[in-house]
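Here is what TrEMBL says about this protein:
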| type | residues | note |
| --- | --- | --- |
| DOMAIN | 5-213 | domain 'Sugar phosphate transporter' |
| TRANSMEM | 12-41 | transmembrane segment |
| TRANSMEM | 48-65 | transmembrane segment |
| TRANSMEM | 71-95 | transmembrane segment |
| TRANSMEM | 107-126 | transmembrane segment |
| TRANSMEM | 138-161 | transmembrane segment |
| TRANSMEM | 168-190 | transmembrane segment |
| TRANSMEM | 196-213 | transmembrane segment |
Amino acid sequence: MFAMTLWLGNTAYMYISVSFAQMLKAIMPVAVFILGVAAGLEVMSCRMFLIMSVISFGVLVASYGEIDVNWIGVVYQMGGVVGEALRLIFMEIFVKRKGLKLNPISVMYYVSPCSALCLLIPWIFLELPKLDASGPWRFQPLVLTLNSLCTFALNLSVFLVISHTSALTIRVAGVVKDWVVVLLSALLFADTKLTVLNLFGYGIAIAGVAAYNNHKLKREASKTSSDESQEAEKVPLVASTSMLHSKTGV
């Protein structure tokens, strides 16, 4: 799934702008939530369904406001979204449900070589002939090194956040990151053209993200208070059991 995300997500940039790709990624919390419900990691509720609908509607509005929509790029990007959602769900199952005792560095140690192998096979048949036909290979070592370091830092932070929160939380937080990318790409790249409808739709998606964060915080606060009350009820029970044993001489 990691290889699928990299392959399809990066290919989408050949057909659509950086800002539009990031807008489409805002649908990620919806994909993670639906798959999380199917895997038993999330609980379906009317409130959560409404929040996810708001995010989806915002992405649709932003997509409708795109001046030049290339549907091939949209399909590639949506495929990358599905791959990323599945990857995050599997990671949460491994770390939390299956009790995988691996730190983030160890997880990357096992996942990265497998992903590289999965990418190597299609690269040989699809991209290698194009590289050979275009002449000598030209790589910029500094740019490639910085890109690899940034990717390593991103993956490490994702694994850390998943181990402490959930897959849905990291994707919702990622929407805010995508908003920054949208604005920066509009400033750095000449081919990026943002419209009012783009920004309005993405603003709706961000509003859905804010609503989710509020709902998540309230639910975690109520769960914490419930756990504390249960722990408080166990203490007197243990004490009374000890007194009973001392009286009976057991």
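The backbone N, Cα and C atoms fix where each Cβ goes, glycine too.
Keep in mind that TrEMBL annotations are predicted by a computer and have not been checked by a curator.
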Confidence summary (mean pLDDT) of the domain 'Sugar phosphate transporter' (5-213):
79
Which listed stretch (71-95, 107-126, 196-213) has the most C-beta pairs under 8 A with the transmembrane segment (48-65)?
196-213
